[in-house]
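Taken from Swiss-Prot, the feature ATP binding site covers Ser885, Asp886, Val887, Gly888, Ser889, Gly890, Lys891, Thr892, and the record attributes it to sequence analysis. The domain 'Helicase ATP-binding' feature in Swiss-Prot is assigned to 872-1030; the stated evidence is sequence analysis. Here Swiss-Prot flags 1-21 as region 'Disordered'.
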Amino acid sequence: MSKTITKKVNKKTKKSTKINPKKLAKKPIIKSIDKPTNLTDVDFDKLIHTVETSTKRHFIAIEFNKKPVNNIANLGAKVNQKARLERSGEYYGIGVEILETIRPLLTNRLIIKILKLLKQENLTSPLKILDLNSLDELHYVLHCWLENATTVYDDCLNSYDKSYPEYDQWIRTVRSDPLNCKVRLTEIGFNEKTGGSVVPADWIDGEFDSGISLHKEMDKLETRIGKPPATYAIIHSMMIQKQDSIIEDITNTKFDYLFYVDLIDNKLVSKLVSKIRKKPYQYVKYDNTIIGFCLEDILTTKSQNNKKPREVGLYVSRLQKSIRRGRFGSQIMRETIDAINESPNYNLPEHGFMRVSASKQLVWRLFISILEDCRPYVTSGNELSLLDLILLVLITQKCLEYKFTDNLLELIKVTALMAQYNDTKSDLFDWRKFTESIKTPINPKSDYHTAISLALGNVIMMSGDTRMLKKLYSVNLVFKEFKRPKCNSLLELTSSNFKLTDQDTYQDIMLTSIDHHCKPNIILYYQACIPVSLTTREISSYIWKISSSYNIRSGKTQNNIDQVLRLVQNFLLEKSTKVSNEINNTFLNYSCNEIEPDNKTRRTSFLILFGSKYKFGGKDVMLAGTKKNPVKIKTKNEWVYSKDMAVINAYPKKYIYTKYLDPPFGFKWTKPKFWTEIIDGKPYVDGTNVDFFDGSIALKSITPLVTKKCNKYTTSLITTFFSGLDIELESILDVRNKSKPQIVNWVNTIDLNDIDLELVRCTYTKIFNQFNNTIMIGPCDRSGNKMHNSINYKLEGKLWAIFNLLHYLYPKTINPNSALNFSLNRSTQGYIHLIKSLEQLLFVGKNITGLVPTISTKLWDHQQETVNTMVAKFTDGYHGFGDASDVGSGKTLTSLALASKLINTINDIHSGILVLLPGNKLIVTWQDEIDKHTKNFDVKLHKPSGDIGKIKRNTIVISTMGRQRDNPINHKWLLVIIDECLSVQNKNALQTEQAFIQSLLAKYLVMMSATFFRTRFDKLYYMLKMLQTGLPERKQYLETILAESIVAKVPLSGMKWTTNIIHFQLNSLTRELYNKIIDKDLSVEAKYAKLNSLLVNNKEVNNMVVKQLSKLIAELTKQGCKCLIYARSQDEAKLWSNNLKIPIYPKKGDHCIVTYHDGTYGLNDLVIYNTIVMRPPTPDSLPQIKGRLARPGQKNNNLRIEYFVLEDTIEEGLLIRLEIASKFVHQYIMPLAKFYNISVNHQKYK
């Protein structure tokens, strides 16, 4: 919501402006045009220069060749206009129809135009252009825009009498903001990051109240689970689309080429002419080319009952296969052409899901298939020429809501059937041997070259088609007529003249047209059935080679039929993958083991019910402490334990809805919602008093007592599915559509030697690595590449088969909910039994013995405290921890000490330590730390080749994310350590998937980063999931999760930091400039931007800083300080270096200058310095900056930071923000609006 812009009344005496009343006569609706103004005092040239040189980036109009582009921001939009997002990225191509008028946004270009008109004393035009009613409104709009959109405006247009808040949102809106009007979706767009559509095809024609409401609906899509909110799809930078309407009159239209298409005596005649014909024609235009046609002769509107989606992609594939297989496919050719022509418009996947006419695709793919799979030709009868075909393509590309008339459709059939009929070796033109033409102009002397030129210049096509047409254009041969079947007429053919057909060819075309181009899921279904061998990419190539590509004209024998592939094709042809989710009513519920909740279960369930943050006295509060001190209060930026009754009683009583909150493992919620409250300092659930940190009253044990053994059939079925060998498609479909009436114990009946444990691992991981309890298999695109999520290229299809099996075994737990995906219910007995069964398979083995490593270096107190905390939590059943201690606090040594402790105390089947690094740079650091501080570790480097040999009890493997992705190590680790864990934020990356697998199968996990959560919550979400806290990974539980699973220590001994603040002074001139901005009536955000610009860019300020910095360095030198001085930029570093005679890193001297960019991360050779001199940095960078000095090799225990700030300026606000960044629990970024406020107004941060 935009803020109301307020304005102080200017008390200066207003001077009247001479206005010519004649200039005002054209706009009688203006209320206040004759009011006196002070425009004569305005220096418009200066104001225009201000806009030209100091407009903020988002308020600058987008131009091309010095002309404004046709986007909504520049032009606005009228009702029924269509707009499309043409910016590359995840929302590319999404389009809408505008249902309410939108004003053009106020950009630098528009404001300059208004100012130039005012300079000419033209007052009427600005009011008309901006649709304003008075000069007072104009002053308000201009003044407020200049205040907010520029950095050096001098308040010269502040003479308005009152505020007009109804214009505030318009004034502040920029091109990246969502449209605030009703829209109708017209294009589903193409997600260039995933290869899928932006929104589903069935959203077409859906109406939304605004861009924001459409974005909110997008956020609910399965493909956006775990992703940041949609914000930049339906926005003002969308391009206004030209209306592809038919033109009735071209008398005054410029063109270079004019074609006419006529249907005369049952034959289509296309000609390039020089003069416009007088007969009534309709026209479509492409740049310098116009095509005339009689609409009623060639096109007719599609019937309204034709809206049911048809699989046009499948029909187009069938059209191509019909031509490739030759003359005995005439029957299916006719049927296919009829089906395509009758189909509604659809979204073309290979062209970014662009909305296209099915009739256009009919003639376009016919044109391409004839050239690619047959040969160019000249006509000899009533068949269409290549020029006829491409002109029909261009007409239907503009006229989307039409289909071909029956007469013209008959000619299209004849043309396709003639190409199909010409199926000998001599009918396959070898276009591949030709060279691509660089230029492809229209050639009036050659219809053939003209057709190809029109195609290349005006049709969006696949790159392979482009290359083919450019090669074909270079051909200068005399082409032959098509051979014709015998008929009574020498010239005219009908489709009925093509009578050759046989059932085998018909069936072959019907099935081979179902391939990876139109049905990408076929890749995963095929992979599900064959032994583990081919990746999805290899299967894509295989299907093309074995099934799709065969052309009878090659003279080669058709490949033997792959029976597995044929069965999958039959399945896709005849059966829907949708199944009934009705569960067998006779399914048995088992009696349960009444398992007593352990401490972790009790605490977790309580935190789910009571643990979300609330407010008391303006402070953040959590019921996440200890039994003695149950509440945590955020006081002075630090969480403090308390038992204050007033704070505890302030808990807001409320319902907790548990329907979508997963219970602790082994239990289910007894109800879908619970009433929680605190009465007299005691927690109550549904009116019953419970102990602090024991929410087990809301839980019911669901661990089933299963005694029934698995029969031989089911054992054989499970073994087959998990073996990695052949699975019959019929078996997969059978288990998909059936369910066992009861849970059976199946693990002990199968032989581990007969199953592929990698499939078990991947199945186990899929169950945990899901969002909103939806298990997603694939999808992949037609080339076998991933789309929305990371996939296992070798096993993804097998996983689809296995989850169908699990649905059969646990029908109340896993259910198919789409062609590939499955829903998961974790509050069932089946879920508990399934997880325990998989774990029984995975975690088998003998207890580990062997050498135990030791730590040879004494730990700092905070390191020992961290180790003790983690070990205690691990003992209580926790899986993962995050170590967010400061840079230089020794996190590496802490993790090694933890590893040694765990190895010493645990000797079960888990063994070895895996260290995952983001890249190669940290490998040497880890090797050095192990050598310096430990004994008896068996250190192994995971080399790119993969194998690391035997993993012993004391083995520590150092690997990188990339190596783990390419050559994963399958092992049950005792501990996985992920250093710089921000590298596993992207859930769609395969390396993140592998990191998740390693951590899930490990007994324990530690994730390390001093800037652990410096990121958006959607990125944080995946790392929280890896920790497996048992708490909901939702924003309202964020602080609770952190309190439970993050340690953040600052060394309490050893190196100590002393911080001093030196105040530099502004001189009188710069102080006056500063105060002038302070006095402006601006939002604090805009004011901060202007003040910052002054302090950064003003030369007088920069020179003054250099002088005072020189004195500071001289004084510090006398005190024995060796200074590392941080500059904002390279330019500032050079300025300081030249004036202070101090080298810039990597050169070093008694002092050294480094930029924030170069000197924040990774530099380990600066420990010769003991003092940091800098302006207050951002909280994100401070820990890393301090870590350049406070690290091994530093000989000084007393280190210093000398902050220099300009007194009574916004730089003091930076100091206040740093107060909340000394420890991790303080390191949440201050809300930006609050930061601006404290910086500008010097308020104390609360």
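Glycine is no exception: its Cβ is also placed from the backbone N, Cα and C atoms.
Comparing the binding-site residues Asp886, Ser889, Thr892 by how many other C-beta atoms lie within 10 angstroms of each C-beta, the top residue is Ser889. Averaged over the domain 'Helicase ATP-binding' (872-1030), the predicted model reaches a pLDDT of 84. Neighbours of Gly890 (ATP binding site), defined as other CB atoms within 10 A of its CB across all chains, total 25.
Cβ neighbours within 10 Å of Ser885 (ATP binding site), excluding its own Cβ and spanning all shown chains: 26.
A 10 Å cutoff on Cβ-Cβ distances gives Lys891 (ATP binding site) a total of 23 other Cβ atoms nearby, all chains included.
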